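What TrEMBL says about this protein:
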type: ACT_SITE; residues: A:SER147; note: active site, charge relay system
type: ACT_SITE; residues: A:ASP223; note: active site, charge relay system
type: ACT_SITE; residues: A:HIS256; note: active site, charge relay system
There are 2 protein chains.
Amino acid sequence: MDTLLVARAHGGTQHAVSHRSRATGTDMTFSVFVPPQANDGTPCPVVWYLSGLTCTHANVTEKGEYRRACAELGLIFVAPDTSPRGPGVPDDEAYDFGQGAGFYVDATEAPFSTHYRMYSYIVDELPDAVASAFPVDLARQSITGHSMGGHGALTIALRNPDRFRSVSAFAPIVAPSQVSWGEKALGGYLGKDRATWRRHDAVALIEDGARLPELLVDQGAADSFLKKELRPELLQAACAAAGIPLTLRMQQGYDHSYYFVSTFMEDHLRWHAERLLA
Amino acid sequence: MDTLLVARAHGGTQHAVSHRSRATGTDMTFSVFVPPQANDGTPCPVVWYLSGLTCTHANVTEKGEYRRACAELGLIFVAPDTSPRGPGVPDDEAYDFGQGAGFYVDATEAPFSTHYRMYSYIVDELPDAVASAFPVDLARQSITGHSMGGHGALTIALRNPDRFRSVSAFAPIVAPSQVSWGEKALGGYLGKDRATWRRHDAVALIEDGARLPELLVDQGAADSFLKKELRPELLQAACAAAGIPLTLRMQQGYDHSYYFVSTFMEDHLRWHAERLLA
């Protein structure tokens, strides 16, 4: 594991590291904030944050404003990259497919199936990699994410219901099978058979019987992607039909940017902490 | 004034604008956070934040973590650029001279004297420009900055003692005449006569009789520039000799980055708010 960053912040330490991934067959980068409660090695609960289109680990690390609350609450905050990267990794000119747009699936279509294995990376490999180097208590995990990363958080939590004590999302893509970002990505990575897409679509997973005990979602009401790509009303309907308590907060005036995410980050971290520290 | 950014954040609004500067003869960019207390146009006190080498307005705007505290305290936060920029503006290959490194002086040496007039821009032009578009109460101003911008905040406050209710700095260059960053910049912009440098050197200004009622400085003890470029002990000695109450906090383990600045930003904003809102 190569150290890219070690910096004291808010009494804890912000790290960024690179490691060789078995899942993707590439080097992968992630950041880890270790709060002061873990400075002596005491294991702390972990919040996984999955990022959106075009992002690396760096966007939330620099703009997410999570460290103050994590330092107060004693939370480790991990932010992985959004895709495999590198000269040997297939890419696309568009911002919403290829590098920076892994969509948290294991691709089955060539040429993406070799490296684009972000579901396996996040679910099977990253927790052990983080635990090998940082004092995380894997018995206490929560997950959140933004936009494509909100999609990742919801679908990963729905498919691994015993792993996470709490789940939230910022402006998530809730039904990729029904919107153009998702149709392009799921079609490109998984192929034309839409039946295979349902395991990577939060609304479809809920329709097919997956459950969460509760869910917190913040969504900017002035988000330019709201009506075409995000469509929280589809999640609202699926949760209502399934009896999943959803707290969906439409935030007046807020857009899709990190100015929105950073504003509500503390609320989400407190919500997770209430459940992780209970 | 051209709008580059308008985004709701922490109940207020983060702006970035570009305007034509008389002082520099170029377009200049700055950011302004307007807290919710000013959403109805009520004038609010203003904190000027001057940035360090290589920075634009964007660094602190994205990484400074000031919005939450400004929204709570009712402070407008303004972050200008660190130099004139553009194809017609003389530059230097080094990171510590030319574009991104204006050092908050009015250059007298060719070819810099035409555009590098950051002292006049910050002191004489920017307050009116900001007041023409945002609800700032110019009777209540404070100033702070980081590194080269800490130098700017200290020297501008020492030369304009009636303007600012409070002054602070993060890891400031306190005695540019005595360190290599400063010798290069002041020599390049002001020429070889070191007597002219003293009006842009906080320690020299204090030695020459300039005064502040009090001063707050945070300095990372693990800052790699501490011993060679920053030298807070020189400020400490000058303040002691002049009877200026200096709160100098050496922060163990902290470096020179925005992980350091963002950690102590809230402390500085509370310190300024106590004086601005008294």
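Using N, Cα and C of the backbone, Cβ positions are placed for all residues, glycine too.
On the structure: features taken from TrEMBL.
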residue  : record                           : CB count, 10 Å
A:SER147 : active site, charge relay system : 26
A:ASP223 : active site, charge relay system : 20
A:HIS256 : active site, charge relay system : 22
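In this structure, the CA atom of A:ASP223 (active site, charge relay system) is 5 Å away from the CA atom of A:HIS256 (active site, charge relay system).
Under the three-state DSSP scheme, A:SER147 (active site, charge relay system) falls in the coil class.
Comparing A:HIS256 (active site, charge relay system) with A:SER147 (active site, charge relay system), their Cα atoms are 8 Å apart once rounded. The secondary structure of A:HIS256 (active site, charge relay system), as reduced to three states from DSSP, is coil rather than helix or strand.
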